[in-house]
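Asker: Swiss-Prot lists these features:
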BINDING   GLY31, VAL32, SER33, GLY34, ALA35, GLY36, LYS37, THR38  ATP binding site
DOMAIN    1-229  domain 'ABC transporter'
DOMAIN    289-352  domain 'Mop'
Amino acid sequence: MLELNFSQTLGNHCLTINETLPANGITAIFGVSGAGKTSLINAISGLTRPQKGRIVLNGRVLNDAEKGICLTPEKRRVGYVFQDARLFPHYKVRGNLRYGMSKSMVDQFDKLVALLGIEPLLDRLPGSLSGGEKQRVAIGRALLTAPELLLLDEPLASLDIPRKRELLPYLQRLTREINIPMLYVSHSLDEILHLADRVMVLENGQVKAFGALEEVWGSSVMNPWLPKEQQSSILKVTVLEHHPHYAMTALALGDQHLWVNKLDEPLQAALRIRIQASDVSLVLQPPQQTSIRNVLRAKVVNSYDDNGQVEVELEVGGKTLWARISPWARDELAIKPGLWLYAQIKSVSITA
């Protein structure tokens, strides 16, 4: 568990944090440049020293301004991956990985190297590596120090699109197989969507929102980053069954299910899906003989007028689903809170 209760001056603003983060999964730190994202993880790592408050990791006090406690970075058991890999140019990859390696990680070396796909790189110098390869090595080096927490400061920011696509699957694999909590700084919605379990949104050094990805994603806090045409719902689902004849997979959403193209995932595997609001249409009665495979019973929570369109908030299996319809459709269907209807979903994308 990471307990953050501190403040630190940032130019004209003050970074003020009072949150407790669980000791698992990835928490994305999101916001515009200058919001305080990097300053937050620098304070956690010990690169900077807050003027007030405390930082506590798994019961160990890293910072306590009133008591004058400030552990040096090497004593914090916190790994840090920067935007630029910062590898030692005169060491081969193997030497970079072993630099600072904890004795407790010696037996894990081969497993971690395989997990990151860097075994073919072990005898190469950093100068011969691509940007994505360098970052994989940097992540491996940080993990081999046996940290209790891993900080990643926009690790994909300096990479071109092909290299980002190369690295994302490795990061997704790490979240599933390495039981180390991570703080992932980013201003990329795509990275957050594919990696984060939770999101903390910072603005001018203040926490504007903090919670599960699916909750924060659907909140008004994200409106500045999500154009209305990109309004969507993020939902947690599990694999229910596979239909081999039609090559389809059913995903459980509460006591209902969604069909998607066949997935190579075991039954009960947990996944996250994204449904665009523009891909959801509403009907009052269950349609007959329709080509749309996904028709879900839903209850209207509320509706909001927005520049000639209507955003309808629905509840499906205890989850929030958004639909975008016209004012004409709203009036004709008599949309109001508490109304039960059917949501027809034209498209579903898997995010994680």
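Each residue, glycine too, has its Cβ placed from N, Cα and C.
Can you tell me where each of these features sits in this structure?
Answerer: Counting Cβ atoms from all protein chains shown, GLY31 (ATP binding site) has 22 others lying within 10 Å of its own Cβ.
In the predicted model, residues of the domain 'ABC transporter' (1-229) average a pLDDT of 89.
Per-class residue totals from DSSP over the domain 'Mop' (289-352), listed helix then strand then coil: 7 helix, 36 strand, 21 coil.
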Asker: Which of the listed binding-site residues (VAL32, ALA35) has the least company, meaning the fewest other Cβ atoms within 10 Å of its Cβ?
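Answerer: Result for the binding-site residues VAL32, ALA35: minimum number of other Cβ atoms within 10 Å at VAL32.
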Asker: Find, for the listed binding-site residues SER33, THR38, the residue with the lowest Cβ contact count at a 10 Å cut-off, counting only other Cβ atoms.
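Answerer: If we count Cβ atoms within 10 Å for the binding-site residues SER33, THR38, the smallest count is at SER33.
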Asker: Within 8 Å of the Cβ centroid of the ATP site residues GLY31, VAL32, SER33, GLY34, ALA35, GLY36, LYS37, THR38, which other residues of the same chain have their Cβ?
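Answerer: Near the ATP site, the remaining chain residues are SER39, HIS187, LEU202.
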Asker: If you count other C-beta atoms within 10 angstroms, which of the binding-site residues GLY34, GLY36 is the most crowded?
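Answerer: Selected residue: GLY36.
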Asker: Per DSSP, to which secondary structure element type does SER33 (ATP binding site) belong, with helix, strand and coil as the options?
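Answerer: Going by the DSSP assignment, SER33 (ATP binding site) belongs to neither helix nor strand, so it counts as coil.
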